[in-house]
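Copied over from TrEMBL, here are the features:
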SIGNAL    1-20  signal peptide
DOMAIN    33-336  domain 'GH10'
ACT_SITE  Glu270  active site, nucleophile
DOMAIN    353-445  domain 'CBM2'
Amino acid sequence: MTLTAKSVARVSLVSTLVLAAAGAALLSASPASGAASTLGAAAQQSGRYFGTAVAANKLSDSTYTGILNREFDMVTAENEMKMDATEPNQGQFSYGNADRIVNQARNQGKRVRGHALAWHSQQPGWMQNMSGTALRNAMLNHVTQVASYYRGKIYAWDVVNEAFADGSSGGRRDSNLQRTGNDWIEAAFRAARAADPGAKLCYNDYNTDNWSHAKTQGVYRMVQDFKSRGVPIDCVGFQAHFNSGNPVPSNYHTTLQNFAALGVDVQITELDIEGSGSTQAQQYQGVTQACLAVARCTGITVWGIRDTDSWRASGTPLLFDGNGNKKAAYTSVLNVLNNGTGTTPPTTTTTTSNPGGGGCTATYSEGEKWNDRFNGLVTVSGTDNWIVTVTVSSPQRIIATWNTSASWESANVMTARPNGSGNTFGFTIMHGGNWNWPSVSCRVA
Ligand code: XIL
């Protein structure tokens, strides 16, 4: 069997930048695709939104409101729509602070994410002491009342928040609501659908970012079950509170993609990443790229405006500093949003002919980047029966693969074959300071 590679292209970072500059020059000639100067406008170019959490008591701060009005096109009430805020006494509803946020947003042409109808945390005192049927009915009444009050004004509701346990169980979190019966979540979703048929209904949680974590798998199985039984669910929210102990996983886009493949939208709902400078900026870039790489990732919300507004202020996890100045992380997010797809157009394409007729083409595209790693994607066309060789250059190492069955010819040369997941596969490269893209070549098996 003699198969000859016709061409193998290796593209360096320098030529990537040249390509990007050439692309930008072309784009600026076309008025329809000029770069946007705010997060919301930049996200809208790909049909997405960019939102923030808002606190009602900060709406009188003109620096805060100035950034809010300028940059964001989606708003979440940070605390004002939670159960303790909206039903402080049983059967007595209170919407003053939530309304201030909703009205301010709608007056400015922004949409609103509702957060959250049912949750084990931030329950009013009267509810914390309830159990059994009384609690189940009180919860359902709360969902119905609040969702009905805001009917027609909410883009998406976090119907249930944080119902899964951390750790290795993959099961539900113990709570008073969980003890009313395992069907409490679907009951809440059905009540929300009846109350506001126009709102997208989301399940929202944290520590569900890493595809290999048990909690992620547990939520995935629930959504799969809901879809198969017709329980009304439209979206899954990923809170995305990251720090050095809980960094952005390199398989993030896989997680988003796999949930989306269940037939739900995915949204990044409470993003913050502790850190500073270029390290923080790169992580923000990776998260934004992961969303843009998934068609059904409809938007990103950051959990506050300035670092000083954050619930984790000491970790300086947001896009604006305490004075309201744009941070490096802001610029990296804006640049990715302006890039539209989050992936650079295909560049390293190698075709290898097959003596038996036919052939195949392997196309490399950039995935997310972190300070120490980057992801690459390869899409094969021309055959379902391919063998792709991926060659990295020293000191790079491929540390993970997905959607392929991989073997190794040497430390630098990986052979990838189909594993039934389709014709796109990916991998993570520890770059060791070498940002060059790998070379790829394809042959028919
Ligand atoms: C946080 C708020 O930011 C704080 O102001 C409040 O004291 C506690 O709740 N997951 C969620 C959010 O779903 O509602 C939480 O918000 C952060 C974690």
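Note: Cβ is positioned from N, Cα and C throughout, glycine not excepted.
Curation does not apply to TrEMBL; its annotations are automatic.
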Secondary structure content of the domain 'CBM2' (353-445), with strand meaning DSSP E or B:
0 helix, 57 strand, 36 coil
Might you list, by sequence position, any residue in that chain lying six or more from Glu270 (active site, nucleophile) with a Cβ less than 8 Å away from its Cβ?
Ala53, Thr76, Tyr206, Gly237, Gln239, Ala240, His241, Thr301, Val302, Trp303
Need one number: mean pLDDT over the domain 'GH10' (33-336).
97
Translate the DSSP assignment of Glu270 (active site, nucleophile) into the three-state scheme.
strand
